[in-house]
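Database features, via TrEMBL:
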- 81-107: transmembrane segment (TRANSMEM)
- 127-151: transmembrane segment (TRANSMEM)
- 158-177: transmembrane segment (TRANSMEM)
- 183-202: transmembrane segment (TRANSMEM)
- 223-250: transmembrane segment (TRANSMEM)
- 262-279: transmembrane segment (TRANSMEM)
- 286-303: transmembrane segment (TRANSMEM)
- 323-343: transmembrane segment (TRANSMEM)
- 417-435: transmembrane segment (TRANSMEM)
- 441-471: transmembrane segment (TRANSMEM)
Amino acid sequence: MYGGGSGNGQAFMGVNKPTHQEAGAPMANWNANGQYPQAEVNYSPIEGPSVEGTPLYTDAGVNPAQAAKLSRFRLQGFKDVWAAILFIPFALFPIVWGILQLITYPIESVPSQSPSSDKKVIRLDFHWIFWTCLAAVGASIISSSVILKVAQRFPIQIIYIGNIASIIFLLVSATVAFLRINIVMGFVLLVVGIFRAIWFFLARNRIPFAAALLKTSLRIINAFKFTYVLSFILGAVSCGYVILWGYGVLALIDRFQKGTGNGGYIAAMFLLVFSVLWVSQVIPNVMHVTTCGLVATWYFAGFANMPRNPTLASFKRATTTSFGTICFGSLVVAIVEFLRFLLSQGESGNEDNFLRCLGDCLLGCLQHILEMFNKYAFVHVAIYGCSYIEGAKRTFKLCQQCFCAGLFNECLVSPTLTMLALTLSILYALIVGVFTKSWPLGVLVFVISVTVHWLFFSVVDSAVATVFVCFAEAPEALRESDPQLYDTIYATDTNGTNNNAPPPI
């Protein structure tokens, strides 16, 4: 698994390395030369603890330098197997149910408008809708590629644009809410926008560091473009899964509307909802762990020592030995999402609306926290090949070390990517809606465009998180694999990650 190493205790740059247990002790205790006089070291040694297991990259034996760099990446058996076993029947149920409904239960189409209506309707045939959606996919791919190229060249400017745009968006939304929707909603949006602006002002000193990580991540992903292809493949799998799931749900709704539903169908509905919530977490997390594994390999090995097909090797481990771990972490979030769904199904009443709204708000906050926590826990899973509990423990330690730095980085990069995706998607939706005079088609184009953009941007977001974790926990590895890049990140971090990284060579 990741996190292994030679375990030979060899010297690095003429300095005897501490063991894994000694990492974190005062450097004066182990550096006889006194080369780096920092008070404390929070990072792990480059080699890591010695680990048994099968090498992840079996072709890394021809070049001795490459073999030494990649020896830490090992497979050490399946983790959290119970979660994978539990996940399989839940994932298969919507597929089997949807296929059975397609075969045995045709749903009668219902006209959207009565023939006697005097309203003028623009009818869009299937071919027009198909080519419009295909054009939206193509335009989104092109715009995503252009945006990422621009972001790699001007990362600081992109972060400023994305975050300022998000603040403006919140303030405009607050204004619209005050005028057209609800004063309370407008007040909430206004407060959020103001706090967002204050936070961005306070975090401005961390922008160069976030920009350095963003530029580095784009450099890595653009060097291994198959990562984008794999993201699209998993996206297509998700779409096919949702289509089958959707038909199964429509068949149940049709039965209830006709009065033929019973308790068994109600149970099936809840099972379908929980299954799709769990699957919708697992598939993106598989891609997340795959990307993290690729970036971690680059971080410790460097471009010169990268093995063949590192993306496929990382994907293989994410879908085999680490798959149970991914299912475990995804299950935690899926349970919270399902509780929110159950809460929304309760009977509405004036007395219960406040409590229901409060409960949904609390569960929503919990869901967001868990998703962010899982993001970094799965980075550790990708780096060390550990179980979910072990990854969670490592993430807690990372939070204790540099919570603020991680939060600043997360809240600078992710909103930038999200805002860019939303802005471009809204633009495409408006163009289609105005041109075709069909706002439902515009909404469909918006959904397609957001999905395509995020298939690109989510890969970059995962890479940024991985570089952050690796630098926070093992800065010396980057100093050895890419000294020039290390100089840049070291200068912009100013020990904000609290890793007391050694100065550049």
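Using the three backbone atoms N, Cα and C, a Cβ is placed for every residue, glycine included.
When each of 81-107, 158-177, 262-279, 286-303, 417-435 is checked for Cβ pairs under 8 Å to the transmembrane segment (223-250), 81-107 comes out on top.
Take the transmembrane segment (81-107) and the stretches 127-151, 158-177, 183-202, 262-279, 323-343: counting Cβ pairs under 8 Å, 262-279 has the most. Long-range contacts of the transmembrane segment (158-177) within the same chain, counting only residues at least 6 positions beyond its ends with a Cβ under 8 Å from a Cβ of the stretch, are 147, 150-151, 183, 185-187, 189-190, 192-193, 196-197, 200, 207, 210-211, 214, 412-413, 415-420, 422-423. If one looks beyond the transmembrane segment (286-303) by at least 6 residues along the same chain, the residues whose Cβ comes under 8 Å of a Cβ in the stretch are 2, 46, 57, 66, 69-70, 72-73, 217, 220-221, 223-224, 227, 230-231, 234, 310-311, 313-315, 317-319, 322-323, 326, 375, 378-379, 381-383, 458-459, 462-463, 465-467, 470, 474, 477-478, 480-482.
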